[in-house]
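Visitor: Structure incoming, see below.
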Amino acid sequence: MGAQVRLPPGEPCQEGYVLSLVCPNSSQAWCEITNVSQLLASPVLYTDLNSSINKLSISANVENKYSLYVGLVLAVSSSIFIGSSFILKKKGLLQLASKGITRAGQGGHSYLKEWLWWVGLLSMGVGEAANFAAYAFAPATLVTPLGALSVLISAILSSYFLNEHLNIHGKIGCILSILGSTVMVIHAPQEEEVTSLHEMEMKLRDPGFISFAVIVTVISLVLILIVAPKKGQTNILVYISICSLIGAFSVSSVKGLGIAIKELIEWKPVYKHPLVFVLLAVLVLSVTTQINYLNKALDTFNTSIVTPIYYVFFTSMVVTCSAILFQEWYGMTAGDIIGTLSGFFTIIIGIFLLHAFKNTDITWSELTSTAKKEAVSLNVSENNYVLLENLECSAPGYNDDVTLFSRTDD
């Protein structure tokens, strides 16, 4: 009889569960639990078991924190590259428009010959790769909100390189977006609910997610085939809605492929699992569709409008998909849920300020001078009000005297 094998915290100890063991000769064995029995109440064994569990728990906590920090760094790097890619691609599209070539918003694909557009695409590819890796280390509810940083970077760079003005409202909106993202990071779940391809497959087979996927697919097809040809050039929400709806599938695919890569590093035969190829096909199709319609949105509308609205729609879809598929919200307390929602609504308010007042040319000096003028006018009006009040107070006294005098005569 060999030594006892203790499962780390979080691993289910139930019949039929398959686990991986590393043998002394550097080989790997797969074991299936066939019988589960209770341990005898031995004080020595109980103490030894508690000690081992505590060590494993501490090790698991350290590993979770390490993974969380790695995911945060990758997510921030992703936002920097993606935010820059919007500017580079827009710059390339503007250069093509100045040459009189058919624009992407009109169905043209001449941007494929513009090197600056390719630099932007490469920057977006690096950002998406970092984002891809971030989903393997941290929950989707934590990684996705950090995309608000791309809004900030895109807004700042567009004011410098595209001559798109960023007023005081836009700056306040950027700050609110960062604060909202920080709140969401603090209250986001810090443990992954799906850690293997088998669990991922079970989640994908859930009736709730299947219904969600069918509804999103039908809406996307209606927008692509019917609405986009008629309203795409005049309504910014059409192209962005397509990108956001399809983006929900891309994030789910990225999460699953990230889990597959982690299992591949652990020498598990994931290449034999058909789910890997299904996720890869969905990822390629969804990313291709996103790039196509995002190009049309950027070429047709202002970058400072496209970026924030795309962020709000995309984040909403990802959070919804994450809640349905990965069920990360089930492990959160009521306070964390309220904090996450508050942070997200703070981001939306910041995005609204960035978008709604973008054509309002107001500076900080104008705001301060206006406040001073209002204070002076308020003091003048208060003095006039006091003077009128004194006159009004004296008038009734005079009338009373006259009335009293007339009554005396009577």
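Using the three backbone atoms N, Cα and C, a Cβ is placed for every residue, glycine included.
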Visitor: Do Lys231 and Asp361 sit on the same side of the membrane in Swiss-Prot?
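Guide: According to Swiss-Prot, Asp361 sits on the same side as Lys231.
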Visitor: Using a Cβ distance cut-off of under 8 Å, indicate which of 68-88, 208-228, 234-254, 305-325 has the most pairs with the transmembrane segment (274-294).
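Guide: Ranking 68-88, 208-228, 234-254, 305-325 by Cβ pairs under 8 Å to the transmembrane segment (274-294) puts 234-254 first.
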Visitor: Would the transmembrane segment (208-228) count as touching the transmembrane segment (166-186), if touching means at least three Cβ pairs under 8 Å and pairs must be 6 or more apart in sequence?
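Guide: No, since the transmembrane segment (208-228) and the transmembrane segment (166-186) share fewer than 3 Cβ pairs closer than 8 Å, they do not count as touching.
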Visitor: With Cβ distances under 8 Å as the criterion, find the stretch in 68-88, 137-157, 166-186, 234-254, 337-357 that has the most pairs with the transmembrane segment (305-325).
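Guide: The stretch with the most close Cβ contacts to the transmembrane segment (305-325) is 234-254.
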Visitor: Looking only at the recorded stretches 68-88, 137-157, 337-357, which one has the largest tally of CB-CB distances under 8 Å to the transmembrane segment (166-186)?
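Guide: The stretch with the most close Cβ contacts to the transmembrane segment (166-186) is 337-357.
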Visitor: If you run through the topological domain 'Cytoplasmic' (295-304) with DSSP, how many residues end up as helix, strand and coil?
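Guide: Taking the topological domain 'Cytoplasmic' (295-304) as a whole: 8 helix, 0 strand, 2 coil.
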